[in-house]
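These come from TrEMBL:
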- 35-507: domain 'Cytochrome oxidase subunit I profile' (DOMAIN)
- 34-54: transmembrane segment (TRANSMEM)
- 74-97: transmembrane segment (TRANSMEM)
- 109-132: transmembrane segment (TRANSMEM)
- 152-175: transmembrane segment (TRANSMEM)
- 195-219: transmembrane segment (TRANSMEM)
- 239-262: transmembrane segment (TRANSMEM)
- 274-294: transmembrane segment (TRANSMEM)
- 314-335: transmembrane segment (TRANSMEM)
- 356-376: transmembrane segment (TRANSMEM)
- 396-416: transmembrane segment (TRANSMEM)
- 484-508: transmembrane segment (TRANSMEM)
- 538-559: transmembrane segment (TRANSMEM)
Amino acid sequence: MSEAAVKSTDATTEDEGGIYLDQFPAEAKVIRSALYSSFLALALGGLFGIIQTLHRTDIYRFIDSETYYTVLTAHGVFLVITFTIFFLVGVFTWAVTTSLDRPVEDIRFTWLWYGLMSLGTVMAGGAILAGFTDATDISADVLFTFYAPMQAHPLFYAGLVIFVVGTWLAGADWFRSWWNWKQENPGERIPLPTFMVLTTMIMWYIATLGVATAILVFLLPWSLGLIDSVNPTLTRTLFWFFGHPVVYFWLMPAYMMWYVLLPKVSGGKLFSDPLARVVFVLFLLLSTPVGIHHQYLDPGISEGFKFIAMTNTMFLLLPSLLTAFTVVASMEHGARQRGGSGRLAWLKALPWRDPVFAGMALAGIMFAAGGFSGMINAGMNINYLVHNTLWVPGHFHLTVGTAVALTLMAATYWFMPQLTGRDLWNRSVALVQVVLWFVGMTFMTNAMHRAGLLGMPRRTAEPQYEGFEFQAGVGSVAELDAQIAIGGALLAISIVLFLTNVVLTAVAGKRSDLPDNSYADTLSGPEDSPLVLDNLKLWTAIALVLVVFAYSLPLLSIVERGGLFGPDVTAFPQHIQFVASMAVSVVGDSLATIDPVSSLAQFADTTIATLTGVIR
Ligand code: HEM
Ligand SMILES: [Cu+2]
């Protein structure tokens, strides 16, 4: 054990029950750094968010439309990779150390993974931002989904790999803590927060295998020029193998806060510890085998596999509904402890003026709405209607953009005092901030969903299509644009208020009596849950088997059709081959004597020339 770790052990035993900073000073420092990194990403992401909102609604434009993709890539990557995941590693470190009541095994190792994650971010983020200047030829305008055939500078892919390796080591850190704790506490149940961290990380290890393969075997060598081509369907499928579970990676810290903090700030206890464990196990098992539901419109994957992905997706509703039930029941318990009564009147007894509570509760409400639009996305047939329209950003600004982001901001109001030893700079500003986020997102996402239903595309600087009118059944397109812009502006203000509060708390917060670092008790504790729930090996094995079932056949058929490294140049799109073979059968011998490849190209040229002639 390192010197720093020994020091923090002493701190724990001396003042049990203090704030986190007193219990684990060394860890508090890493967590603070992780949260500040996260907030920096939020600041940048938010800035790009408002720029692109005003641009695409044509309200205020100061960038070239060609730059839009750079802005959008920066917005997506900084928010859904950097902001969320840096926060997660901070909160998970808090959860493991607090619930196992032990410091990390070696604080140098903890700084190492934080350092790797930061280095990865600087590389990938730098590659994206370099796209704003012509001074270098570095750019990475590939969006956060970085699909081939769009190609980024190798720095971007290498940065992502280093970032992910950092998260792997973070997981190793937490597993190591748990393992050592287990040796010293044989037969004890894994404390709930640690259980949540471990199951989430097992899911993450499995999921990142897909993206690591996509990058290391295909995209990075391709962008380095080591291989000529990739199979886009294959890399897309590997991306979504990771791309669906990553949404749970964003959600899990929020879920954790809803389970372990929200009941406490409501004044009550968590309704059921066993149910919370079941939920996390279900996410581990069910979140990976469903990624193909993002590919309903991809050619090259048969309908049957898509259908199986759809049915599996519907099972995922179960843990989310269980969460909704458990969390609301816990809040109700809290409200009744505070004197609330009646069927619904207890809602009034909740501490709505506490920004920690209000933020999380509002986030939960938005998540319910996001769940509904998610069910629509999941349906194979209605997905066709909304696919690649503004509906989709509407959906995920409710889920990751609010359920996750707003919960993390609300939790920050609890964490900042714990980590700095200073009281929040201003509680009223915090309350206004969370409400503004809720209102802003209501405007923006409602209008985005509606615009999507009119067919308005996502990911474009110019959705207005000169000379083309979208038909609005209710309202008008101008009204939708205005709502999106107003919503976006409120969000931007909300971010400014949030950051102001964080900075001023850190530098000017009063040092006062702060609540002890602790989390919610349970009404029904771990002793009520079957032992098998803690059997992580079993759940990992089942999760892997499900992955093999869900992915082996689709992947095989994709590789069989398109080749591991993609179709080579002779494999033209099918229709050209078809036209060529028709031509051969009509013109016959005269072409047959010529070499087939050049004749095919020649024929394609003449056909295209004739066709364009006809159209003109
Ligand atoms: C100031 C707050 C925000 C504003 C004004 C904003 C606005 C927008 C808009 C208008 C789009 C659609 C752009 C297009 O498709 O052309 C978008 C996309 C997106 N937003 Fe936000 N957003 C904000 C906050 C967030 C947050 C907090 C997150 C996640 C934590 C987020 C994640 C994303 C993602 C992943 C995309 C899609 C990027 C892509 O298609 O590659 N946004 N945002
Ligand atoms: Cu998904």
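Yeah, the Cβs are placed from backbone N, Cα and C, and that goes for glycine too.
Remember, it's a predicted structure, so these values are computed and weren't measured experimentally.
The transmembrane segment (396-416) shares more Cβ pairs under 8 Å with 239-262 than with any other stretch in the list 109-132, 152-175, 239-262, 274-294, 484-508. Against the transmembrane segment (274-294), stretch 239-262 has more CB pairs under 8 A than any other of 74-97, 109-132, 152-175, 239-262, 538-559. The stretches the transmembrane segment (195-219) and the transmembrane segment (74-97) are in mutual contact, each linked to the other by at least three Cβ pairs under 8 Å (pairs 6 or more apart in sequence). Here the transmembrane segment (484-508) has long-range neighbours at 39, 42-43, 46-47, 49-50, 53-54, 57, 59, 409, 412-413, 416-417, 420, 422-426, 429-430, 432-434, 436-437, 439-445, 447-448, 451, meaning same-chain residues at least 6 beyond its ends whose C-beta is under 8 angstroms from one of its own.
Put simply, of 74-97, 109-132, 356-376, 538-559, the stretch with the most CB pairs closer than 8 A to the transmembrane segment (239-262) is 74-97. Ranking 74-97, 109-132, 314-335, 538-559 by CB pairs under 8 A with the transmembrane segment (356-376) puts 314-335 at the top. For the domain 'Cytochrome oxidase subunit I profile' (35-507), the mean pLDDT of the prediction comes to 95. With Cβ pairs under 8 Å as the measure, the transmembrane segment (109-132) is packed most heavily against 74-97, out of 74-97, 314-335, 538-559.
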